[in-house]
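Student: Below are the features listed in TrEMBL for this protein:
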| type | residues | note |
| --- | --- | --- |
| DOMAIN | 7-63 | domain 'NET' |
Amino acid sequence: MNKDKLKLLCETIEKMDQKDHVEILKIIKNSSLNIQITENSNGCFINMDTLDAETVDSIDKYVIFLKQNEKELHEQEMTKSILIDSLNDLHK
């Protein structure tokens, strides 16, 4: 993955919830050996440049999976809202 894509991936990860950060950390711990993880009161920090391509690819796939799930959930919520509105209109 080139530097620009890696930077974009890092920016995307920074905006995610803590539970997603934990899952990404699990991917890193399970996929890579001897990765330096710095931890402080602000969280865990990893130099993404030190990760192997396979690990970065796994993280990228996880991020894509989350985005797709979020999109599908939004679409389902919109459909649900439309159906509820339609049912309410029928009962008026």
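The backbone N, Cα and C atoms fix where each Cβ goes, glycine too.
I'm curious about the neighbourhood of these features; can you describe it?
Tutor: Across the residues of the domain 'NET' (7-63), the predicted structure has a mean pLDDT of 90.
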Student: Helix, strand, coil residue numbers for the domain 'NET' (7-63) per DSSP?
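Tutor: Helix, strand and coil residues of the domain 'NET' (7-63) number 36 helix, 8 strand, 13 coil.
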